[in-house]
Every structure is written in C-alpha cells, then in structure tokens.
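What follows is one structure encoded as structure tokens, with my remarks underneath.
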Amino acid sequence: MFSNKKYIGLIDKYCEKKILDDSSTIKICYILIGILIGTNMITLIYNFIFWENYITCNQKDKTFYCPKDWVGYNNVCYYFGNDEKNYNNASNYCKQLNSTLTNNNTNLVNLTKTLNLTKTYNHESNYWVNYSLIKNESVLLRNSGYYKKQKHVSLLYICSK
C-alpha cells in the first residue's frame with residue numbers, strides 16, 4: 001500500500017542545507033534589508049526637516065469650519081439672528097460673537113445671494129446689514145435689494161465672520 005520510493009524535491013535535506021549555507025544568498029538578503037531600512041530612514045529624516053512646509057500647505061487648503069449654529073457659504077460663516085434688534089443692538093450682538101453685521105466687504109460675490117440662505121435657514125424677511133450710509137440710516141436686505149431704514153427699527157440681522 002505504501003511505497004518506499006523517495007520523491008526527489010519534496011524532502012531533500014541536502015538541498016535545504018546547501019541553500020542555507022550559501023553565503024552569497026544571505027549577503028543579498030542583507031543588502032536588500034539594508035536598502036529598505038535606508039529608504040525608510042531617509043523618508044523619516046526628510047519629513048522631519050520639511051514638516052513646517054507640510055503644515056503650511058495644509059493650512060492653506062480651502063476647507064473652513066464654522067461654529068455651531070452658523071452657516072458656511074463661500075468661505076464665510078453666517079449667523080442668522082432669529083430675534084429682532086435695532087441696528088445698534090444687532091451690531092453689538094455680532095461683536096459679542098466675534099463677528100460683524102454682514103457687509104459689502106464680506107468675501108461674498110454678491111451680498112444679495114445671502115437671501116437664498118435666508119430662505120433656506122430661516123424665512124424671508126428684512127435683515128440688517130452693515131453698509132456705509134449717512135449717520136442715522138442703515139440698509140436692510142430684502143428681495144435682492146437694499147433699502148434705507150432708520151436704525152431704531154427692530155429687524156432680524158445677519159452676522160458674518
């Protein structure tokens with residue numbers, strides 16, 4: 001039932017020993033391991049030296065984050081006040097939030113585009129915005145236009161930062 005034949009190649013202690021004793025094969029393995037370790041060391045040193053450039057690049061990426069309850073749009077964060085305030089109180093409240101009333105200097109292509117946000121996140125209404133006018137008047141934003149309004153009138157407001 002069982003054969004006494006020897007199958008060459010399956011178990012051959014002489015060949016196995018010959019491979020392990022071959023010093024040139026071991027030298028090649030050491031050289032390859034040395035190359036791998038060397039490239040890893042060079043990569044680590046390079047990353048350590050140029051780490052500041054890596055951080056700078058990440059800081060320049062266009063991802064921005066807004067605080068809770070703020071809306072991000074076009075690299076600007078907006079806060080839509082849901083209570084009515086007169087112009088001065090709205091402006092002061094925005095300052096407490098480390099922001100300003102949305103203004104014509106905000107990095108927004110067109111301030112009236114915020115109306116789309118007001119419809120999405122609040123409701124269509126009049127909003128105080130900061131715009132250069134004479135002393136006792138300011139501008140309210142409504143229906144894609146600017147309208148003069150007395151500063152003592154209470155309206156909703158939009159802060160930006």
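Even glycines carry a Cβ here, placed using N, Cα and C.
What Swiss-Prot records for this protein:
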- 1-30: topological domain 'Cytoplasmic' (TOPO_DOM)
- 31-51: transmembrane segment (TRANSMEM)
- 52-161: topological domain 'Extracellular' (TOPO_DOM)
- Cys66-Cys77: disulfide bond (DISULFID)
- 66-160: region 'Lectin-like' (REGION)
- Asn89: N-linked glycosylation site (CARBOHYD)
- Cys94-Cys159: disulfide bond (DISULFID)
- Asn98: N-linked glycosylation site (CARBOHYD)
- Asn104: N-linked glycosylation site (CARBOHYD)
- Asn110: N-linked glycosylation site (CARBOHYD)
- Asn116: N-linked glycosylation site (CARBOHYD)
- Asn130: N-linked glycosylation site (CARBOHYD)
- Asn136: N-linked glycosylation site (CARBOHYD)
I want to verify one value. Collapsing DSSP to three states, which class is Asn89 (N-linked glycosylation site)?
helix
Going by C-alpha distance, which of the recorded positions Cys66, Cys77, Asn89, Cys159 is nearest to Asn98 (N-linked glycosylation site)?
Cys159
Where Cys94 (disulfide bond) sits in the secondary structure, as DSSP reduces it to three classes:
helix
Minimum Cα separation from Cys77 (disulfide bond), reported as the residue among recorded positions Asn89, Cys94, Cys159 that achieves it:
Cys159
Once the chains shown are all counted, how many other Cβ atoms turn up within 10 Å of the Cβ of Cys77 (disulfide bond)?
17
Which one, from the disulfide-bonded residues Cys66, Cys94, Cys159, has the smallest tally of other C-beta atoms lying within 10 Å of its C-beta?
Cys66
